[in-house]
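What follows is a single structure, written as structure tokens, with notes after it.
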Amino acid sequence: MKNTFRKNKDNDTKKIIVIAEHLQDKIRTITWELMNFAFRLSEITGNRIVTVLPWEMDGQTESSCNSMVQDIMGNAPVDMDIICLSISGASHPDSLAIKESIATLLEEVKPSFVIAGHTSQGLDIAPGLAAKIGGIALTGVTRLIIEDEQPAFVQPLFKGRVNGVTALEKGAESPVVITIQPGVFSREKDKQSKSRCTVITKKMDMESLSKKKKTVKYAELLHISGKKSRLDGAKVIIAAGRGIGSPDNIEDVKELAECFPESAVAGSRPLIDMGWMTYEQQVGITGAVVEPELYMAVGISGSSQHIAGMKDAGFIVSVNKDPNAAIFNVSDICIVEDGLEFVRCLRSLFA
Ligand SMILES: Cc1cc2nc3c(=O)[nH]c(=O)nc-3n(C[C@H](O)[C@H](O)[C@H](O)COP(=O)(O)OP(=O)(O)OC[C@H]3O[C@@H](n4cnc5c(N)ncnc54)[C@H](O)[C@@H]3O)c2cc1C
């Protein structure tokens, strides 16, 4: 990407805020992707990156914060500030407490951009934060481009069938809160960082604030079972999406899968959310990443979150009644057909 902006002092005083994500004292991979995106954005705008690490919730110790800060410093793609935002009176990851405390912090910092993950944590924070700071929210951004010397952001729309581009007008003052699709701005793996980081500590007390504003209570973090998924190592995966129509039809998908050796049945997230399949069967950014020899997607639209989990399959066959379904963009064979009809018909050929 060409740097069309001349860096100057004024640009450097404007900030790109990165909201770091962590879980159980470990920085999550999405944070490196956010920093990579922020780095590219800073190359265009000349703005300085400030990574905010919300911590000390639910009894996190200072040493766990220090080790996360060290991790961030070691991965910083450019000189930047790190703000350790120590939040007392809330449990991690309490999105309300994080949102309120970051909003308070931003009254001081006045950023041009705030970057969060298009993840459960990031989506809980970003739109509300944008409203609070008088900014705009752009969610699920997958590309950063330059239009008229200004940064512009690409978002897949209508279940990935088209891409929308939002370009900023010259001199636009409102902060832009952006969530970044996981997996698309991955960090270059062997890049060694020699960046200089300044670490600043800020304290926020959410106890008093929570009394007035708290409408949602963070209950607990549930761990999914460490059970090995049948999807691991399966050579053929038949995956069903909402287009399969009813939980009763999963049986037909299972019967088709059984026609192949070393096979497994998978699903898109809505099927897991509706309880039609178990979490171990979910494919996508918040499920399993699979690489079978054959992946057959039946009634799956092809959201970027699903594609992230199956795009590296050896051969992809998709069945969808919509000829413009986004899943067809990554498929070797595209079949425009009723999903259940196709499954039953193919199954009957094995009989
Ligand atoms: C933070 C986050 C994380 C997410 N993580 C994941 C994830 O890990 N995995 C995941 O899958 N999703 C994930 N999602 C959800 C994702 O955005 C989509 O909502 C989901 O993938 C859509 O599932 P689907 O394609 O089954 O359903 P839909 O999008 O509703 O698509 C159904 C498809 O079926 C087709 N269809 C309808 N009837 C028929 C028929 N009779 N025959 C054939 N085709 C038919 C339709 O044309 C359509 O294309 C995530 C979302 C967010 C915000």
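Glycine too: its Cβ is placed from the backbone N, Cα and C atoms.
Worth saying up front: this structure is predicted, and the values here are computed from it rather than measured.
Feature list (source: TrEMBL):
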- R242, 268-269, 282-286, 299-306, N320: FAD binding site (BINDING)
- 17-194: domain 'Electron transfer flavoprotein alpha/beta-subunit N-terminal' (DOMAIN)
- 231-311: domain 'Electron transfer flavoprotein alpha subunit C-terminal' (DOMAIN)
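What TrEMBL annotates, mapped onto the structure for a quick look.
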residue : record           : Cβ within 10 Å
R242    : FAD binding site : 16
Q282    : FAD binding site : 25
I285    : FAD binding site : 21
I300    : FAD binding site : 31
S303    : FAD binding site : 21
H306    : FAD binding site : 30
- prompt: Per-residue pLDDT averaged over the domain 'Electron transfer flavoprotein alpha subunit C-terminal' (231-311) comes to what?
  reply: 95
- line: According to DSSP, R242 (FAD binding site) sits in helix
